[in-house]
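K.L.:
So TrEMBL says this about it:
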DOMAIN    106-160  domain 'CTLH'
REGION    18-38  region 'Disordered'
REPEAT    285-327  repeat 'WD'
REPEAT    336-370  repeat 'WD'
REPEAT    381-422  repeat 'WD'
REPEAT    423-464  repeat 'WD'
REPEAT    465-506  repeat 'WD'
REPEAT    521-551  repeat 'WD'
Amino acid sequence: MADSALLSEIQLLSLSSTSSSTSTSRQDANENDNVDLTEKARAAVYAGPPRRTIGNDNAIFDHDDPKIKEDVIRMIVQYLQDEGYVASIMTIQDETSVRFAESLRNRSHFKRIKAAILDGEWVEMEKLVQKTPLKDHKHFIYAVYKQQYLELIEQLEYQKAFALLTKKLKPLEQMGSLHNEFKDLCYLLTCKSIQDAAFFKTWEGVASSREKLVDQFSSMLEIENNDIAVARHEVQPQRLLHLLKQAVRYQIEFSRYHPKVVPSVPTLLEDYSCFVLPNAHKTTFRGHRSNVKCVEFVGEEGTQIVSGSSDNTLRVWDVEDGRCVRVLGDGELGSGGGHTSRIWDVTSSSSGDFIASASGDSTVKFWNLRGSNKTPCSATLAGHEGDVYSVKYHQSNNYVVTGGYDKTVKLWDARTGVLLRTFSGHKSSVSRVIFNPLGNLVISGSKDSTLKFWDLVSGVCVKTYSSHLGEVTSVEMNKAGSFLLSGSKDNSNRLWDVRLARPIRRFKGHQNTSKNFVRASFGPDESLVVGGSEDGFVYIWDTATGEILQRLGSHSPESHTDIAYRAVWNAHQSLLVSCSHDCTVKTWWYDEQQMWDQDDDI
């Protein structure tokens, strides 16, 4: 049963990620090969911390409200209609059964009817009329036949005109009884010109007459309040595109950095963010009583930071003012239920409601950040033998994966705490575990110097990388799942092309050889790699060239004074955060006044 539920979630994630992965892969292929990233960074202007003037976005509207769902469908249908995707519109309407479907279908026919009238395509027009309620609108049908009849008279096609008069106009005679109009229509069969009949002395020719018929038709559609009328709550023109442009403007306006010129947004599949190359210290977070092994932004928004320390506690910090807003696991401060050994790793759910921590006490603990309980530890996972070095949430937030000293990788149900699967195959401790972007694979790095890819459902190891010369301490993957970043105790981080199954670039200059877990990850736009080092600096490399762009702390009295274990970037906050053996957590930003690192020894 558990495997079936997991497989269903993986399939859904795969479907939802396909278009995004394709777009990002294309971006990877065309990555700014020769772009000077320092010049790109200078195009950003600091505009202050992201503003949160509204509060909870979920309170703005209920996305489950049937009316809201109908509005969304209507905008999608309007866009498809504007682009000419008629078959797609029909499919959507059939599947959604929305109330306005018939009106939208008629509207499409009405546009084609107008075009047919202006072009004199009377056979096509009659076919279209039969698909709409107009087929029962006798005044309109009479006006159309009259137009055809007058055109035949003007062309001196009297035989065809007589046939049309007797077969089609005669049954509708009462529609033309006003001012003896039908009588004059009959009289025209004996005339040399349409103007010879009293009722048609103002006839101005075929083109003008057709335009008047279209105007009459349009006016009728606006006035009539029935099924063929356009829906009362009209969708504004290009409504979906208008909202998308508003969304991008919002992302730009509420971001920490603004571009100096209006940007050209290449994709709508991810939030816009101004490219930033951190070059200066921003805030130092103090409070831990021992070294800080791990740090993460809480949730996708990242308005808070969570750090884990060898003092056995987790601390939650406010990104802006550096306040410690919560201590988790410290009995003296009333949290209770905490770890009894150092905390090696921490991960957050995408919503930021929960975090999970991995510890040297052989357990993983879940913490409810939104609850009001005095003991926020909501569950404890016990199953590893020895230290748990790594923990990571699945994209669905329903599962976590862990790895540790006992050489195993374990998959857990985050909702129930049930162990779903154990992946065995590494010959030494597992130092880092992650999910791939599609959520169907687990990737693990180990002290045995290998990286392994595990199928989530079958538990089989489907691929192994073994080019590192030292213990693997870090594993990360780009959003498209096309590149893998790994770090090891050979003083290097490597970028792997997953499609070719080989490393394509090395990032060097930092120090990573001792017993510590020094980790690296992708930075802004994935065009940067950021990572810690045993020399206390935070390094930033150019993904495309492997060159060091920044060594944060080398020009600042606020640098880490001991090993920098990890550096993590958050696009929503446009900030880099690092943690260190010096018991501090630091954030880094882009300061226009700060000099770029020009040390000769890097």
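Cβ coordinates come from backbone N, Cα and C, glycine included.
Note that TrEMBL annotation is computational and uncurated.
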K.L.:
Are there residues at least 6 beyond the ends of the repeat 'WD' (285-327) whose Cβ is under 8 Å from a Cβ of it, and what are they?
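P.N.:
Same-chain contacts beyond the flanks: 49-50, 52, 333, 335, 338-353, 355, 357, 359, 367, 369, 376, 517, 562-563, 565-566, 568, 570, 572-573, 575, 577-587.
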K.L.:
By a Cβ-Cβ criterion of under 8 Å, what residues six or more beyond either terminus of the repeat 'WD' (381-422) are in contact with it?
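P.N.:
The answer is 2-3, 6, 9, 13, 341, 344-351, 354, 356-360, 362-366, 428-435, 437, 439, 442, 444, 446, 454, 456, 459, 517.
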K.L.:
Can you check how the pLDDT averages out over the repeat 'WD' (381-422)?
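P.N.:
Result for the repeat 'WD' (381-422): average pLDDT 97.
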